Amino acid sequence: MNEEQRKASSVDVLAERDKKAEKDYSKYFEHVYQPPNLKEAKKRGKQEVRYNRDFQIDEKYRGMGNERTFLIKTYGCQMNAHDTEVIAGILEALGYQATTDINTADVILINTCAIRENAENKVFSEIGNLKHLKKERPDILIGVCGCMSQEESVVNKILKSYQNVDMIFGTHNIHHLPEILEEAYLSKAMVVEVWSKEGDVIENLPKVREGNIKAWVNIMYGCDKFCTYCIVPFTRGKERSRRPEDIIDEVRELAREGYKEITLLGQNVNSYGKDLQDIEYDLGDLLQAISKIAIPRVRFTTSHPWDFTDHMIDVISEGGNIVPHIHLPVQSGNNAVLKIMGRKYTRESYLDLVKRIKDRIPNVALTTDIIVGYPNESEEQFEETLTLYDEVGFEHAYTYLYSQRDGTPAAKMKDNVPLDVKKERLQRLNKKVGHYSQIAMSKYEGQTVTVLCEGSSKKDDQVLAGYTDKNKLVNFKAPKEMIGKLVEVRIDEAKQYSLNGSFVKEEEPEMVIQ
């Protein structure tokens, strides 16, 4: 949605709000730009998505942050981590300097996650903890951004109960941060600017990347799948793909800067290119193009089984810098549960996809996500998830108890699965996850593997740590000069979720920048 469309739609949004007194935020505060609306967020229009490659910060805002510092606390997924890099880039362009000391920061931003209730509770606790800081230093600015900001209930709760917050902005208008900051400095009221409809694709946004070894590369925004449990299609908007030439240019620049690994990001990367009306171009085509660039490792996340094509499998099977690790969320192994989840595939079709992947990529490492305790999940249905895990032999899984999200269809479903039953099932599933992880890890004992050394181990500063191409954590002793390099490590010990090894040598570079 471009600027003109946003202004026009905001009239309709505000008119709708006038009909509903319980959502009239103005009775609490003087000035609100635009509050979120989940009903509006669900609509998927055919408005043209504009590509803005000329983003510039107005000169009048430059210097706003001189002699001021900022701190960003980030919760949630890789997309949020990427957004934080952009927010930090904008703040530094305004003159702010990053700090790790929350007690001295002049601007504190909390980049939030809405995927599970636990994440939201942590954010509200964090906001509450900042109340005393606001009393001690009333001139600081406290802001809430990210996916939680796109939820009406969250914004309403902040407006009513957390008056230490100065500004709220969403996922679609990060590029408006200079204007939002200026308004927050000038206004006595809380500033809220949350676009319920997605915005243009803004290129050339400044970024402050976390480190110089690995980088996030966003390839698309939003999700149109509307799984019944998921709030993301509401908080991130409809699917919008970046132009391939813009992505490829960014990857080439990262190669020139010496990055060793990139991860292509999207809520559903497999849908990449479907909305590009002037060309036929999908994720397989993009991976093929990037495979010719001198980035040693290329990952992508997150994949939806529905959109995983044979073309993609073929490209990954060619090897090169596309790693043989595929994260393929299954969520459940029972067809009835998958149907009410709105996952658009069956147990049988998922297993068929796994077979096609394994046939063409024999050395592939498959990992997954699983939700336990979906509304009315029976013991028999849960056991089908366990048997599917056995059939696939996943090397790892991220497992979760079902978390109700207001505004999703699943929130209206009656749930008769007691919490203690859900926890017991999760425990059984995690036991299986650990079992198969140990099997996968044990195969590495005695082998020499290539590891991207990322830094010191979290548990021992004298030990270095990094990951294999299949995302296995490896701990080993080596000179600190190896940080940021690809090295060969002989595996001496396989633990359940990590490997211990001995440094052999630095790997020789093979690729040439295209």
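Glycine too: its Cβ is placed from the backbone N, Cα and C atoms.
In Swiss-Prot, the annotation region 'Disordered' applies to 1-21, one of the ranges 1-21, 22-42, 43-63. Neighbour counts were taken at the CB atom with a 10 A radius for the binding-site residues CYS77, CYS147, CYS223; the maximum falls on CYS147.
In this structure, CYS147 ([4Fe-4S] cluster 1 binding site) is part of a helix by DSSP.
Taking the mean position of the Cβ atoms of CYS77, CYS113, CYS147 as the [4Fe-4S] cluster 1 site, the remaining residues of that chain whose Cβ falls within 8 Å of it are TYR75, GLY76, MET79, ASN80, THR112, ALA114, ILE115, ALA119, GLY146, MET148, VAL232, THR235.
Report note: the [4Fe-4S] cluster 2 site is defined by CYS223, CYS227, CYS230, and the residues of the same chain whose CB lies within 8 Å of the CB centroid of those residues, excluding them, are LYS225, PHE226, TYR229, ILE231, VAL232, PRO233, GLN267, ASN268, GLY342.
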